[in-house]
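Quick notes on the structure that follows.
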Amino acid sequence: MFWQFYKRGKEQGFWQPHQTIVVAVSGGVDSMALLTLMEQVAEKEQLQLVVAHVNHQLREASAQEAQYLATYCQQRELTYYETRWEDPEKQRNLEAKARTFRYEFFKEVMEIEGAAVLMTAHHLDDQAETILMKLIRGTNFSHSAGIKERRPFATGELIRPLLIYPKEELYQFAQRQAFVYFEDETNQTNEYLRNRLRNQVLPLLKQENPQFLDQIASFSNEQRFAQEFIQEQIEPQLSEAVEPTKQGWRIPLKRLLKETPAYQHFFLTAFFQKTLVPLGVSLNQRQMTQILKVLNDERQPQGSVMLEQQWQLAKSYDWLCLEQKQAALREEVTHLLVPGAGIYLSETEWLGLIATDKPFPLPEEINQWTGQLLAIPLTTATPLTVRHRQSGDRITLKPGFTKKLSRVFIDQKVPNEARESAWVITDEQEEIIWVPKFANSYLSIPLETDKIHYRLLFKTKE
């Protein structure tokens, strides 16, 4: 087994001469086999091995096993690190919490030692268990390949050089090499799904097909090749199509709608992998199905799907936008417009009611902002009020003809977010005279004989 292990490791670049490599060792047959193999490799390649052990303190034998490893490393002049896991809530999310603790410890050891590689002893049976668990619990295509043989980690790489070997082969290697290893009796219990698969399901599958583990290895490789191919096709187009915004990202709808559902699925999967996954936001298959339904619904120009952590994917006419929504509701505010003065409606919006016969110095910071003007004839009933839109708002567009403000927004294809933030200016009778950026009321149009006393100036920072 050693020569096969050594040859493949050299070909795959699992190590380089004189490297420092951290080997995660639990004391079980798989990790002791890995340590034994790497000790032999180290002699040939002048490697510096560092052993990292986590004492989970879940069994009475844990302390004895840790002591054995400490003595083992001392006798062989191997650098040895050990830590103990203290968990006051032993029964809640035990596996996940222990795993997080282990890898944080391994990361610290790598940083201390300046190691380029962390090696763990995952084997082919582990791969089969992992793939079955993902299928049972539900997974998407990008995660269906199971455990990766290598990936970036901490100051270098995490490599699993035993991933092609069945556990039975490791037992045979242990018998030939006659090294000491420990059996974890908790692995024989069926409390956890992984144990039930290991003890009950895998033996039946191997009985049905003695080559089952080889089939798992082939399946995993084919899945990974397919994922890499799809990624190579999608990545250049992803970089070209996705535009960053202040709140997130957006994609031109036309770019996606001309593609097949299969392309849309993998494009969006890659998009989320690049944007949301690094933020700790995950999507399930139900959400992806809902997203594709909203995307391709020709009857609805707008639609949205809520995701974790207040993230929302929204279709809005020409764009598909991914943004994190604020949890707080919009504050209902009303401002009375004082002639000859201006007010900041927000950090990027300013409104002033300016007399035509008096100079009015604008705040210096808004001079470069985009502006809109509306003349206010003397016949306009004052005072004027500014507020956000309300349900049932109507605006007079022609004599005797009013239109719902909501319909004005729809006709102009105004996104929902812009509708909610739009400002409405009303006269003393609460008639809408202006919706800056969107609509002027017929009531605001001065007659030739009207005298203009004021102008409304609306400034926005784009």
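Backbone N, Cα and C atoms are what each Cβ position is placed from, and that goes for glycine too.
Listed in Swiss-Prot:
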- Ser26, Gly27, Gly28, Val29, Asp30, Ser31: ATP binding site (BINDING)
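Val29 (ATP binding site) has a Cβ environment of 21 other Cβ atoms inside 10 Å.
DSSP classifies Asp30 (ATP binding site) as helix under the three-state reduction. Same-chain residues that are not part of Ser26, Gly27, Gly28, Val29, Asp30, Ser31 yet have a Cβ within 8 Å of the Cβ center of the ATP site turn out to be Val25, Met32, Ala33, Ala121, Tyr181, Phe182.
Here Ser26 (ATP binding site) comes close to His53, Val54, Ala121, Asp184: these same-chain residues lie at least six apart in sequence, with C-beta atoms under 8 angstroms from its C-beta. Packing around Gly27 (ATP binding site) is summarised by its Cβ count: 22 other Cβ atoms lie within 10 angstroms of its Cβ, all protein chains included. Cβ contacts within 10 Å of Gly28 (ATP binding site), excluding its own Cβ and spanning all protein chains shown: 18. Annotation for Asp30 (ATP binding site): same-chain Cβ neighbours under 8 Å, separated by at least 6 residues, are Ala121, His122, His123, Leu162, Lys167, Leu170. Around Ser31 (ATP binding site), taking its Cβ as the centre, 24 other Cβ atoms fall within 10 Å, counting all chains.
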